[in-house]
Amino acid sequence: MQGVPGFNTVPNPNHYDKSIVLDIKPLRSLKPVFPNGNQGPPFVGCPPFGPSSSEYSSFFPFGAQQPTHDTPDLNQTQNTPIPSFVPPLRSYRTPTKTNGPSSSSGTKRGVGRPKGTTSVKKKEKKTVANEPNLDVQVVKKFSSDFDSGISAAEREDGNAYLVSSVLMRFDAVRRRLSQVEFTKSATPKAAGTLMSNGVRTNMKKRVGTVPGIEVGDIFFSRIEMCLVGLHMQTMAGIDYIISKAGSDEESLATSIVSSGRYEGEAQDPESLIYSGQGGNADKNRQASDQKLERGNLALENSLRKGNGVRVIRGEEDAASKTGKIYIYDGLYSISESWVEKGKSGCITFKYKLVRQPGQPPAFGFWKSVQKWKEGLTTRPGLILPDLTSGAESKPVSLVNDVDEDKGPAYFTYTSSLKYSETFKLTQPVIGCSCSGSCSPGNLNCSCIRKNDGDLPYLNGVMLVCRRPVIYECGPTCPCHASCKNRVIQTGLKFRLEVFKTRNRGWGLRSWDSLRAGSFICEYAGEVEDNGNLRGNQEEDAYVFDTSRVFNSFKWNYEPELVDEDPSTEVPEEFNLPSPLLISAKKFGNVARFMNHSCSPNVFWEPVIREGNGESVIHIAFFAMRHIPPMAELTYDYGISPTSEARDESLLHGQRTCFCGSEKCRGSFG
């Protein structure tokens with residue numbers, strides 16, 4: 001370019017020589033040149049959710065094996081030191097257009113399109129509801145040194161504890177984000193946060209079962225399945241792995257998600273007719289023939305190889321207008337495939353999958369419960385359609401399909417607490433002065449102030465986090481009955497069933513799926529003076545005692561993952577003004593039938609609300625994690641230390657535990 005007039009000078013805008021032709025190569029022929037180690041900082045490629053550590057493989061997508069490349073992959077971070085801070089993808093957002101000419105570069109997108117561009121908006125219109133894009137990078141100023149507590153090996157291969165922990169931590173963050181941001185983007189934002197901080201497991205793709213996931217487990221989003229390695233695709237219905245045999249590569253299907261909304265998908269609990277992927281209508285509403293590639297080819301290869309394929313059934317969530325519940329239905333074998341023309345006249349691939357024998361019922365239970373609810377079939381072993389005789393807002397069935405027992409010992413059903421004459425209530429309390437519904441952040445509301453400025457519940461049905469005590473609005477509060485701070489006083493939200501167990505007497509379970517944090521019931525009965533009842537506890541098997549020692553556990557969100565100061569973390573240990581003893585032997589509700597477990601799926605929370613001008617303590621039960629239909633509901637009864645034992649190691653009133661949990665301590669009470 002030497003000798004070209006005007007180069008490295010400011011040209012005269014009114015005069016330049018048009019006869020000179022500049023010898024400039026097109027941009028696409030230029031190769032990028034990156035500085036070496038002596039010239040500048042190392043180049044670091046940022047995956048969608050942060051840099052890939054050398055301790056574990058980067059996900060492609062979300063844990064799949066990276067395909068081989070003939071040319072160097074600039075997104076690889078191997079042998080490159082990880083910087084102390086990686087700027088988020090949103091910092092690379094395309095500059096706002098000005099009146100000046102637009103740049104000729106930057107029209108191609110890479111991984112993680114900047115949020116807010118036109119192309120993204122067009123793509124979002126095609127996105128299925130509740131299946132958000134995971135290209136969300138959440139940068140936390142408090143999580144720079146965050147320790148996930150999950151090793152690199154545990155991220156690759158999980159277990160039951162890790163799967164449960166990851167799902168609980170994810171849902172805790174999701175609930176908190178939903179509480180403070182009032183947005184539907186809480187789910188993808190929570191997922192992006194956990195992934196970027198290494199809170200996930202089973203990243204290694206595999207054919208067959210996934211460690212820690214049981215047949216019948218339920219999920220409330222595809223993102224949850226991705227976090228624990230059941231199904232890595234957040235949008236596509238077919239997930240597969242590339243199997244290598246020498247120099248040859250072959251795709252094998254690992255899992256499919258059946259939404260039940262496509263043409264020809266049968267609802268038989270033992271078999272499934274599955275439609276292939278692709279061929280959907282484009283922006284011009286023109287459908288096309290499906291091709292034998294990607295997921296379709298993987299299913300065809302699995303038919304030939306005979307490997308098992310994980311099947312997840314999607315069903316409508318009755319508690320959400322647009323949401324879905326996903327049921328893991330176990331391993332299926334592909335028995336046959338064929339091609340047929342759909343309603344659009346285009347070719348569609350069809351696959352028949354048959355459930356492998358010897359697996360516990362999952363989707364079959366789901367379909368049976370639906371028929372019971374709709375009255376299409378009668379519940380086998382039904383003794384009473386409603387144990388409560390109308391005392392509850394929803395009927396509670398009494399069922400025995402184990403032996404000839406016709407019901408539990410006689411008691412009077414009550415849905416509320418009863419106080420003895422000698423029991424003294426706590427200090428008087430004054431209700432709020434809200435005219436409509438109590439609102440979060442309204443410090444003029446006394447109930448909101450007691451709950452540290454937040455509504456303790458999400459959407460008026462789900463507990464956000466455990467607290468030392470929760471304050472609900474009471475009878476003298478002028479807010480209306482549908483106030484979102486009135487939850488446990490509105491009665492049962494789910495269809496429950498009292499049933500006879502094989503070795504633990506009567507138990508309690510739900511016909512509905514329960515999402516983590518859902519309110520189940522409160523413990524109703526007679527509130528007794530401590531001195532009057534403690535001497536008879538060994539004879540009364542229906543006693544709830546807050547002074548017992550309970551196993552501690554972590555359930556709340558981690559402040560660093562929602563950009564909150566860790567010093568503001570809400571304590572989870574309860575703090576009651578006085579111990580509480582409730583006997584449900586003579587008077588009680590469904591809570592009296594909940595059995596003990598050393599690995600419970602339900603926990604209790606003290607709730608105080610005003611009644612007759614005084615504070616009344618209630619014991620409410622909430623789902624600890626997602627609970628599928630027909631799973632027994634259990635909580636930790638705790639143990640009573642002997643008052644004479646200095647080290648509290650001697651116990652009295654213990655009973656043998658039959659929970660069968662891996663953590664079973666052998667006794668309780």
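Even glycines carry a Cβ here, placed using N, Cα and C.
Note that this is a predicted model, so its numbers are computed, not measured.
Look at TrEMBL and you will find 56-127, 270-289 tagged as region 'Disordered'. Annotated domain 'YDG' per TrEMBL: 208-355, in sequence order. What TrEMBL records for 494-638 is domain 'SET'. The annotation domain 'Post-SET' is assigned in TrEMBL to 653-669.
Outside the region 'Disordered' (270-289) by six or more residues, the chain places 236-238, 256, 258, 262-264, 295-296, 299, 311, 332, 342, 344-355, 364 with a CB less than 8 A from a CB of the stretch. Confidence across the domain 'YDG' (208-355), taken as the mean pLDDT and rounded to a whole number, stands at 89. Residues in the domain 'SET' (494-638) partition by DSSP class (helix H, G, I; strand E, B; coil) as 16 helix, 54 strand, 75 coil.
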